[in-house]
Amino acid sequence: MTEQFEFTTTEEQTGTVDTSVFGEETRAEARQIIARYPESRSALLPMLHLVQSVQGHVSPAGVQFCADELALSVAEVSAVATFYTMYKRKPCGQHLVSVCTNTMCAALGGDAIYRTLGEHLGVGHEGTAGEPGTEGSITLEHAECLAACDFAPVLQVNYEYYDNQTPEQALELVEALQRGEKPKPTRGPELSDFRSAERQLAGFFDDLDETVTGPSLATETVRGAELARERGWTAPSMPDDAELPPLPEKK
Ligand code: FES
């Protein structure tokens, strides 16, 4: 049975959730994350990504682990984990395919892409085709604007972009993923898998040189900046003597 993100009152009251799936290495990495922030609780978002890099979703054990490490209540962690769509409540496939169905992409074919992939995979929003975590398993979701309207319609695999897609191209891409292939994204680094992407979102880049290679800009994206340069438009700079609030004491 798929593990759902739910706590019983008994578990909450007695703290019986087993967090042993998070070994010493993960606990050491959690401490590294916490050390980055003046207040421990500020580390919650990357901690939840770390949890997903281990389990492929935020399980009750993941919530308990974050609560223990950050001295927060289970309710506080759950409130954050259920607010953001990037935290998954069911185990994800090897790859997360996010199809933008927001206005620009929808008008240019995003809805058709989402429908085509849903029919091919036999799943709806946040459904997984295949055994979660195994090679070729795919979780499908429709997404709000992915901040790439200049390349609409777009989709992402593990948050890497595939621009100017058609339903046919998207289908070919997903079929390749199901065969265990990793087609190159239009921009950015080579494709990895969902759990590796989550590790990067937690702030751990195991191969930074590899991660930062690949084009990240396109003509369409920098057109505004080029026009501004040609016309001599500039934004006011930050004053050198701007007063910044003091950092809070580490808690
Ligand atoms: S509407 Fe799809 S990227 Fe903005």
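The chain as shown is numbered from 1 upward.
Cβ atoms are placed via backbone N, Cα and C, with glycine included.
No curator has checked TrEMBL annotations; they are predicted automatically.
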Annotated region 'Disordered' segment (source TrEMBL; candidates 17-63, 205-251): 205-251
Spatial neighbours of CYS100 ([2Fe-2S] cluster binding site) that are distant in sequence (at least 6 apart) but have CB under 8 A: ALA106, GLY110, HIS142, ALA143, GLU144, CYS145, LEU146, ALA148, ALA152, PRO153, VAL154, LEU155, GLN156
Collapsed DSSP category at CYS100 ([2Fe-2S] cluster binding site): strand
Packing count at CYS145 ([2Fe-2S] cluster binding site) (other Cβ atoms within 10 Å of its Cβ): 14
Fewest other Cβ within 10 angstroms of its own Cβ, chosen from the binding-site residues CYS105, CYS149: CYS149
